[in-house]
Amino acid sequence: MEQSGHEPGKNTFLSRVFGLQSDDVSTSIHTQELSTIPLDEDESNHGALVESEDDEDHNDGVRLLESDPGTSTQDSLESDTSEEDERINGINSDSQVIDTSRPLLSKKETMELHPFGSQNGRIMESSIKLGQPSSDEEDLINVNESLQPDLENRINPIYHEDKLDKALGNSSKNIRTSTFLDRVLKPNDVKKNSTKKRQNSHNYNPTSTYTNSSSNTFLNTVKGEKSSKKYKLKRPNILNALSVVNNMPERRLNTLSPKERALWKWANVDNLDLFLQDAYNYYLGNGFHCIILQKVLNILTLLFVVFVSSFMGYCVDYSKLPTSTRFSEIKIDHCYSQNITGFTKFLLFLFYGFVILKVIQLYFDINNIREMKLFYHYLLNISDDELQTIPWQNIIQQLMYLKDQNALTANVVAVKAKNKLNAHGIANRIMRKENYLIALYNNDILDLRFPIPFFGSQPLTKTLEWNINLCVMGYVFNEAGFIKQGFLKATQKEYFANELRKRFMLAGFLNIILSPFLVSYFVLLYFFRYFNEYKTSPENIGARQYTPMAEWKFREYNELYHIFRKRIGLSNPLASKYVDQFPKEKTNILLKFVSFISGSFVAILAILALWDPENFLNFEVTHDKTVLFYITVLGAIWSISQGSVSTEYHVFDPEETLRELAEYTHYLPDSWKDRYHTEGVKQEFCELYNLRITVLLRELASLITTPFILWFSLPNSAGKMVDFFRESSVYVDGLGYVCKYAVYDGDADAVKKHFGTDGNETTEQDAATEEQDIDSEPDEATKKMMQSYMYFLDDYENDDNLLGKYQIPKKRRESFDNTQYDVSNSNQKNQDDDSDMILANRYTWRKQFKPGQKPELFRIGNHVLNDKTFTQQGSNHLGIDESYARSQISNTAEESNRSSLYNSKYKSPTKGVLGLVKEYYKKSDVGR
């Protein structure tokens, strides 16, 4: 887009941050990274931004830098220093505040905005695009460069803060939920009619047909009132130290107190993704001392394996072992200087250099972890001792409290990025890459076949998974953690596909060189780790574990690792129970025979040893193999075979067991339906839940087979991978490009497919066919997304899930859930059982939508859903804003807000998010 006739005026924002005038930097900014803001025609029109009447003339707009969580740029609408001072003063007074997170409405579209009250007459066509900057691959895209004057003195306050607080307690109507889910779930005939309407509308803009429902949806907040009852936390209070944020230069950080230093770091975050990932890793690692201890012990483990193996190989004279009685007699003096020479010594020097680098990295990690400790302790008011028991939901709650106090005053961090600080946004930032990997493995994009006929597909191993992450994710995403925008251009497909092929082949070559050393190291590591376990408990050789592919198949979108690890750990007993239900008669017959033969030899040797215990034990049965050696080996074989024989009786109900197991694994393919009792389903499940010894052997074999897969097989999938990242990426304001399957809250209304098939921005025709794209989505992909959506709801809305990383819900009464509620019972009986029903009826979506049950009989929080509340609540919605501070103004409003989402429009299943979910659940097998 060309801009002419504008003099480059002074840019206050750029001059403050970079020390430059706008004309000095105008040639360094790509216009595709700017967004159009229409100028006001009438500044008195409630502070709204009004578009020029000429729809085709876009030169009247002002191009603004995109706000980005990974940069240090500030929201251009709030760049002026005087405006910032005004906002700071407005916190302590009743002055008016600009709501920068307010969505802009499309032209000629009038609707009510909630929960801020009615705002009619807002006419808008485009919205500010915030979230992700251009990547370092932008030199592949030919763009014009321009810079326009900022919107100084163009925006008037929209609402008073006291009006906002008052509105939070009021119910609102006509709340719109996620249009993305709406498109997925509503009937096909409705989709077709909607598509026709869009095709007939010449001025349709898919990015602006939404309200501010994102601030009302349950996904944008966590029920802080619930968690506060279990875990008393002090709210962050940083308003007294705000001057530090604006006035302290980085070179004087050492003069600050620990709390002020933590505040400065928070206010000057230049990459919110990396910061939240560090914060989550700190929570996952249980604090400063646990993380440092783990890192130190990892280095010591590496040193121990290499030192012991080298010492046993070069410093022991095994020829003297039979005749020696002391260790000093078989030890070789000065073995490292005399025996170790040439290539082996060179490898040891390389290893020592690697250890030195790890120690240096540990030093810098300690500094970063210490900074995170200060952030948790002083700003979130959470000590390290609490991290092992406190729920993650409380961490989110404290982050949102902190954001409410700091987002409007920080002068470096992108304000819009912090305004997206909610449960859904935080999960998307932490798992930006992992969400793509989940979709990549679930959609079977990768070709993992071994390039030899009749070998079939190679199981995914940790070694192969690590190489895929290095080759694919390390190239698709830039250093800031954002997807390179060249991958979103269809015209750049061949270029990036060729680059991926080169990376696969290079990685295969490096694996061939490193495989001998890796095989040696991991053989020793597994030997030291598992030998004593199998020696003392031989029956453990039949233990099973989930394979790496199973972990990616079972994991949900936006499911943080500690939640996934907990439910997978709880599923192990049920998985073993399911496998053990199937008879293993052929295996039992073979194991009994092996047990008999080995036991017989052990018995013979033991009886002969009684005649001459001192000499016979050293008697050589074969060359250099004594009786004691064979008694040890054959005894171990007997213990393993005898312990692996199945002698217990089990109740054979594989269908019930597998359905119960699916409550934890979230995996129950439609192809297994009506075949749960068959050997075929059992074999498919055992490929996901395999013997631990088999998994270990595959890992060792993978060190040899991985180079061939990287060299010959995976390059064939390069083009499909580029298509996958382009088709699976959507743009969300304040988040940037994320995996489309991980966007399922109210913010999905703001999702924009920024690029079309020709590499340009989306057109009206592209938007009109968006419905057809949704219809063409694979059923499994849609089910996976919907399943993740409902489990995300359960994780963050269910009282019982407000637990720490190592805690599980206590057993509760399930009598009401296990029995069908009989509406024909007498009123007296219903009154007697009312308290039992309230105690037993804890909410989960699986219970609420269980076939034959009535959703209205289930409660949420402290609110019981019944017919009376259905008639009284009407069309209330969850009017909770992103801000926890503002969401707890009125106890009455809090009580209604906790349950109103589920009360809304139950009697019309085609309206509202939960109605759509209910309608979808009736027609699918998700989660059953």
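Using the three backbone atoms N, Cα and C, a Cβ is placed for every residue, glycine included.
Annotation comment: Swiss-Prot describes 1-295 (among others) as topological domain 'Cytoplasmic'.
The region 'Disordered' annotation in Swiss-Prot covers 28-118 (among others).
The compositional bias 'Acidic residues' annotation in Swiss-Prot covers 77-86 (among others).
Summarising the annotation, Swiss-Prot assigns compositional bias 'Polar residues' to 90-99.
According to Swiss-Prot, the region 'Disordered' annotation covers 188-216 (among others).
Sequence annotations record features per position, and here Swiss-Prot assigns compositional bias 'Low complexity' to 201-216.
Swiss-Prot lists 367-507 (among others) with the feature topological domain 'Cytoplasmic'. Confidence in the topological domain 'Cytoplasmic' (367-507), given as mean pLDDT, stands at 86.
Sequence annotations record features per position, and here Swiss-Prot assigns intramembrane segment to 508-528 (among others). Long-range contacts of the intramembrane segment (508-528) within the same chain, counting only residues at least 6 positions beyond its ends with a Cβ under 8 Å from a Cβ of the stretch, are 305-306, 308-309, 347, 463, 467, 696, 699-700, 703-704, 706-711.
Positions annotated as topological domain 'Cytoplasmic' by Swiss-Prot, on the basis of a curator's inference: 529-588 (among others).
For 647-692 (among others), the entry in Swiss-Prot reads topological domain 'Cytoplasmic', with the evidence type a curator's inference.
Swiss-Prot lists 693-713 (among others) with the feature intramembrane segment.
What Swiss-Prot lists as topological domain 'Cytoplasmic' is 714-928 (among others), and the listing cites a curator's inference.
Summarising the annotation, Swiss-Prot assigns region 'Disordered' to 755-779 (among others).
Taken from Swiss-Prot, the feature compositional bias 'Acidic residues' covers 761-779 (among others).
If you look at the intramembrane segment (693-713), the same-chain residues 6 or more away from its ends with a CB under 8 A from one of its CBs are 447-452, 458-459, 461-464, 467, 471, 504-505, 507-509, 511-512, 515, 518-519, 522-523, 526, 530, 541, 545, 547.
As a summary of secondary structure, the topological domain 'Cytoplasmic' (647-692) carries 26 helix, 3 strand, 17 coil according to DSSP.
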